[in-house]
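For reference, TrEMBL has these:
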type	residues	note
DOMAIN	5-252	domain 'DUF7702'
TRANSMEM	12-29	transmembrane segment
TRANSMEM	41-61	transmembrane segment
TRANSMEM	73-98	transmembrane segment
TRANSMEM	110-131	transmembrane segment
TRANSMEM	151-170	transmembrane segment
TRANSMEM	182-202	transmembrane segment
TRANSMEM	231-257	transmembrane segment
Amino acid sequence: MPPSLDTRGDIAAAQLAFYVPIAVITFFFTVRHAFEKDAGFFFLFFFSIIRITGGALIIAAELVQPSVVDLFLAAYILFPAGLAILMLAFLGFLGLAGQHTVSEYRRTTYLLRLIAFIAVAALALSIAGGLLGTHVNPDAHTGLILRRVAAGMYGGTYLLLVGATFMNWSYSGLMRTFRRNLLGGLTLALLPLGVRTAYAILDAWSSSDIFGAELSSNPALAKLNPITGNFIFYLVLGLVMEYIVAIICLFFSTIGMQRRRRRHHRH
């Protein structure tokens, strides 16, 4: 009997269907604006590609016989690592909202660069922590520490994003309407992004290995593991929350761009 997809495979297939349109749209805007000043569209495109790749890896891992563990490993590493890219996309759109006003101030520039640095560092630690403790490198203890440090850095990055967002609001009176609308959308996106970040932190403590084989003794934490825990939590707290963030960022940024182009045409 040929292999078939389980629940996780079905979720991965849906993930492909949902992220391909976002990848196409963000690629269009990335090329159109040619990395002018803010990389929100680029990072959102990159994030979509990561989620598409992760879904494809899961599908391939479940259908390929004999099973190839490296396919699962790559997909499992991409799940927490993608959060850093989503945060960088949010940061890029936040810079776009404050363009020509708060984003031009030196203090704001330093803060945005600090947030980006922490997010990139968390990304690197997340990937390294995912590799350690596997057949790539058997140092499981170091891998566990790195994954948990990365999760803590994701939490710190989120708090800084919240602070930067509300700092932008203090200058909202200087912003054009479409930039305030974008800032309002980003403020709305903070809620699902916060839920996704909290899930990432709980995920790091749900198991001592990336495959979810050595689950926490706390049954509530064990259920939150994205690999062997309850798939409802993985779907809702993980994938759905970050998809909502992506849709909000895309929706408000594209509306803003359209309004800006219409005003330029009138002049």
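Glycine is no exception: its Cβ is also placed from the backbone N, Cα and C atoms.
Because TrEMBL annotations are produced automatically, they should be read as predictions rather than curated entries.
Sequence-distant residue pairs (6 or more apart) of the transmembrane segment (231-257) and the transmembrane segment (151-170) include fewer than 3 whose Cβ atoms are under 8 Å, leaving the two stretches without contact. For the domain 'DUF7702' (5-252), the model's average pLDDT works out to 92.
Taking Cβ pairs closer than 8 Å, the transmembrane segment (73-98) reaches residues 12, 37-44, 46-47, 50-51, 53-54, 57-58, 61, 104, 108, 112, 115-116, 119-120, 122-123, 126-127, 130-131, 134, 136, 147, 150-151, 154, 157-158, 161, 164-165, 168, 171, 175, 179-180, 182-183, 186, 189, 193, 196-197, 200, 203-204, 210-211, 226-227, 238, 242, 245-246, 249, 252-253, 256 in its own chain, all 6 or more past its ends. Within the same chain, the transmembrane segment (41-61) packs against the transmembrane segment (12-29): three or more Cβ pairs sit under 8 Å, each pair at least 6 residues apart. Listed by sequence, the residues of this chain that lie at least six past the ends of the transmembrane segment (151-170) yet keep a Cβ under 8 A from its Cβ atoms are 80, 83-84, 87, 90-91, 94, 97-98, 102, 108, 111-112, 114-115, 118-119, 121-122, 125, 183, 186-187, 190, 193-194, 197-198, 200-201, 203-205.
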